[in-house]
Amino acid sequence: MATMLLLLATLAGLFTTTEGQSFHLGKCPSPPVQENFDVKKYLGRWYEIEKIPVSFEKGNCIQANYSLMENGNIKVLNKELRPDGTLNQVEGEAKQSNMSEPAKLEVQFFSLMPPAPYWILATDYESYALVYSCTTFFWFFHVDYVWILGRNPYLPPETITYLKYILTSNDIDIAKITTKDQANCPDFL
């Protein structure tokens with residue numbers, strides 16, 4: 001009984017103190033991903049336009065660059081401007097985990113951490129991309145991660161509305177999505 005109370009108290013703490021994270025009961029949903037995904041067209045620079053806030057991204061002006069590695073995997077370079085004005089960057093590696101669904105990638109930033117799902121739900125390769133990730137904990141709750149990316153620092157409102165519709169039509173909660181201001185950001189990729 002004491003163990004159950006401790007577990008419930010811990011879970012309650014997670015749900016109430018994790019700023020921005022999107023915790024939900026049940027396992028991760030499995031939304032459809034981009035059909036006929038072409039990773040080579042996806043390579044290059046992307047700007048973070050909107051996202052569900054995550055504990056590992058605290059800065060602004062977030063940009064990502066994807067490039068092909070010699071081993072066939074994808075180098076991921078994320079950069080952000082910290083609140084104190086310094087530049088923070090993290091480098092990782094992504095790979096296609098299932099060639100029958102090439103838009104389902106796994107990304108790993110630190111060797112001691114397991115790879116995380118990185119699913120491209122939608123992209124036109126030239127202007128927008130919708131990325132979804134989810135982690136299930138203890139088989140009965142999950143955390144959603146969402147990124148709306150643009151090839152330019154701005155996306156038209158109708159594009160953002162369309163991408164949010166994809167999320168909601170797949171039972172992915174968008175209530176905590178925030179807009180990331182890319183105005184007056186340095187070009188650091």
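Any Cβ shown, glycine's included, is placed from N, Cα and C.
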Disulfide-bonded cysteine for Cys185 as listed in Swiss-Prot, from Cys28, Cys61: Cys61
Shortest C-alpha distance to Asn65 (N-linked glycosylation site) - which of the recorded positions Cys28, Asn98, Cys134, Cys185: Cys185
Between Cys61 (disulfide bond) and Cys134 (disulfide bond), the C-alpha gap once rounded to whole angstrom: 23
Densest Cβ neighbourhood among Asn65, Asn98 (glycosylation sites), 10 Å radius: Asn65
